Amino acid sequence: MKRWFGGLLISLLLLSGPVLQAKAVIPGASTPQARESLTLAVLDYRSDSRMQDQYAPLVSYLSDRTGIDIELAVHDQEALNRAIATNQVDLFLTNPSHFLLIRSERSLTGVLATLLRDWQGQSTSSIGGLIFTRADRDDLEQLEDLRGASIATPGIHFMGGYQAPALELKTVGIDVRRSSKVLYLGNHDRVIRAVVNGDTDVGFIRSGVLEDRIAQTPELAGKLKVINPQNLTGYPFQVSTRLYPEWPLVSLPHVDGRQVRRIASALFALEPEHPAARAAGLAGFSPPADYQSVEHLARTLRVAPYDEAPKITWVDVLHQYRVWVITVSVLFVLLVFTSIWLGRKRRQLAREERRQRELVANWPQPMLMLRGTELVDCNRAAIELLRYSGESSLLGKTLAAFSRDTQPDGDISAQKIDGLLRRTQLGDVVNAEWVFVRSDGSDVWVDMTLAPVYEHGFDVPFILCSWYDITRRKEAEDRMRLAVQVFDNAREAIFITDSHGVVIDTNEAYQQITGRERSESVGSLPPMPVDEGSAILVAARKHGVWSGEFRSRSRDGQRLILNLTLSSVFDDKKQLSHFVGVFSDITRLKESEKKLRTMAHYDALTGLPNRVLFAERLHQSMAQARRHGYQLGVIYIDLDEFKPVNDAFGHDAGDELLIEMGRRMRTVLREEDTLARLGGDEFAAIAVNVDGDDALQALLERLLKAVAEPAWVASHSVEISVSVGYTLYPQAEELDADQLLRQADQAMYQAKRQGRNRYCGFSENLL
Amino acid sequence: MHRRSFLQLSLRLSLAATMAGSLVGCTQKTPLKTGVHPWIGYETLYLAEEFDWLPESVQLSKGQSAKNSISGLLSGELDAAALTLDEALRVSAGGVPVRVVAVTNVSVGADMVLTRPGITQLSDLVGRSVGVELDGVSGVMLLAMLDQAGLSTDQISIVDLPVSEHLRAWNEGVIDVSVSYKPIASRLEEAGAVRLFDSSQIPDTIFDLLVVRQEVERKHPEAVADLVRGHFRGLRHLVRNRHDAVYRIASRQGVSPDAVREAMATVMLPQLAANRRYLAPGGRVESVAGRLAHLLKNEGLVEVVPDLDNLCSRDYLPRGPV
């Protein structure tokens, strides 16, 4: 609602506007055509009364010559603008700058004539600006001194009073338009007064004004001085600037063409001597000058009507600054490309650096960096090797801090590492084995490499340190050393052969046992059982090991019994590569064994089998008798009257007697028969393959006879006898050896009872 | 005496002082030393210097007459100079090939042939004693006139005399005809001489030029461009700010502004577009140079016809507005 009302009000106002204007125009509507007289307006650049006096004769001259009633109006710039705007002026005379401004606001037919100024007989149609200051201002000598000076000027639209001086200052880099110290005083006389009074430092006036003032008040000449004077031959005035065309006389478009021609002809007809010209200080009028230079001046200074910056299109800029635009564009493009390229390179570098860092950090081999003797960097593997939690435990410390006081070779760790580092700093790459102590106290062997790394800006090189864990190798070496010791020092002979059994290495014991030098042994076969030979290699290959005893001979022909264990050694591919044999000389051992066996089965005194062997043989013989179906006889013998011999002649004599008796009985028996001493004076015999009772009794007869022969013991002849019991096997009932021997024993007792020195067979009725 | 020297006479002292000044102001980078002497067509360079439109790459060497510029070019002391076309041809024929890089002005009436009353047409010249400065531009004027009249030098009696002495010779009755130029020509007219012929009748023939030694041109093309640009900036001031320029030229030449205005009326100052046309391959300057060179050779004023290929170059004319 409210908005609608506002809109209505605006519409009403718009509608009523033209009506109101029309009403305002009608009362003053005196059209130019209706007017009989014309008005010539002259710019009042000095002071009103004088201008009026100076130009009145000219106006009356024109009125007389043209028959047109012409009135003179002297206005300052503002009043003149107003008068022109309200059509109260038909012709006007003003300065070129002001003319340009008016021309831009009104469409004018143009300039009728350009004023010719006269000064003491010299005429000129040129106008310039005068820059002046007080004569006592020593600090203001040239244009450059005017920077920051306060300036008095009649106004911006004054040719000599502003624009021409402003251009000269602009050429030395002083922009008057931007200066805040400019006083606009309306006319030239006030400017001179302001400078003389010291109100401003300098003043701008048009050429000619100063000369006119000095003519009136000559003492002024000594008070002022001109800055940047131009000595121009033939120019009547002092001037500080370049020159421009003088004032134009302009007719406004509404003036009748015929009137304009009449006025123009009157103007050109004006002679310098004419009183009208004299009064106005003119030499007359010349044909219109070219005001192009004034336009250019206003354009350069950017003053009205050229105060708007020209619209410069991109095309204009491109046209004007083609080379610059192209150069800047090319440079910009290059800059962009370079930036992109550099950025890419930087990212690439950062990536590579990161990758290398990662590489070093994750490299499985420990790597460290030292500056001087201190650790400054290390990778994860180094920390893990020493079993620390983080790099802070390592950095800033020396290598000696992670070592025992002395190294295994006896050197003091701190001194040794200093020596190594010094060599590295001199440029060597140093290699050393080193033992570090882990955080848990255990030792770790490393193969340490130290290399110098030269970096720009550092005199002393950094040192790159890498470790290679050789703890296992060291342990293996220890084991190896031990094994060699064992090999060399073992009492057992050890030999190693190739897969064909040819010896490639032997130890010391081997040489001692075999009596062969090592050089002889290598390349030949080791001692092996003669009958089996290389078969044991096959066995060892098949079962992994062969073990056995065998007879051999040493180099000097001694008989040897060797106990050999031969083992196969397989390589990584499970292929047999070597045999390892260990053997010992068991010759002596075997002899002892034999002796012991003899002691267990034979009677030490007589050398006859003892009760144990007899029992064994009886078993064997009984088995043979059953198998072959023959008979055997078991004979039990007991010496009669032995005790008295023993008592009479001593034990030695008794022993001699026993030996002698044993020997005699043995001779009676056949080879295959067995005679054994059962203990004391008791003997027993086994007669195999007995052909019946009679054959056995014949044997026993011979036995009794052999014993009965006198024996020589202890230098005495002794005669003894034996009581003999016997039994046969097999019998009707099956019986064992003990029973059989017991039967013979019983039979012997029977013989004792029957009177000794006789034999008696076993029979059931004996019981 | 070369014709361009007359404006100069009263200014020797001040010029010598200026020249000394310019030599002192010589910069470390050897500038393009350009010989120039007072002539309305060359005023553009003085104006350019006065308003500081010549960069440091260009240094004016102000001589009294064209003679200074010619000898300077021949000796290698000067790199460039402002000369008339015939003078340029003489330098080239003297063994120092030059390149024409700008036309500063074309004579349209500045040079004239004055005769005693009664001689009304060119054919009347036969058998007359003609005062002419063969070594200068008036020699060219005479030759061009005879060429147009279909006469040869044999048919007239040549009195080789500096232009500055023509008035005396006229008054003494030594010569009936004077090939001269202002202001001597004005005084002869006052003494009763009548204009028979002037350079406006042989348009586009008497050229004033900026020339550069070809050897230097190759080494310092930028400096040459700076010189040409300076000329055109001066020319712009001369045309646009004529009110100002007239007084400045008058001041420098020591004559009245009216004399300057009068002198300016006898020359045509070609702008950029006209320069392009004049300097075009096979253009006016080149064709005139060809004819002139043969004329000079035929009259024995030069010993050889110089190589005129690529005499002119448009490369140094400003491309945009100056």
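Start at 1 and count along the chain as shown; that gives each residue its number.
Including glycine, each Cβ sits where the backbone N, Cα and C put it.
Residues or ranges marked as signal peptide in TrEMBL: A:1-22. The transmembrane segment annotation in TrEMBL covers A:321-342. What TrEMBL lists as domain 'PAC' is A:430-482, A:546-598. According to TrEMBL, the domain 'PAS' annotation covers A:476-523. Per TrEMBL, domain 'GGDEF' is recorded for A:630-764.
Mean per-residue pLDDT, taken over the domain 'PAS' (A:476-523), amounts to 88.
Helix, strand and coil counts under DSSP for the domain 'PAC' (A:546-598) come to 12 helix, 30 strand, 11 coil. Residue counts for the domain 'GGDEF' (A:630-764) under DSSP (helix as H, G, I; strand as E, B; rest coil) come to 61 helix, 41 strand, 33 coil. With DSSP classes pooled into helix, strand and coil, the tally for the domain 'PAC' (A:430-482) is 12 helix, 27 strand, 14 coil.
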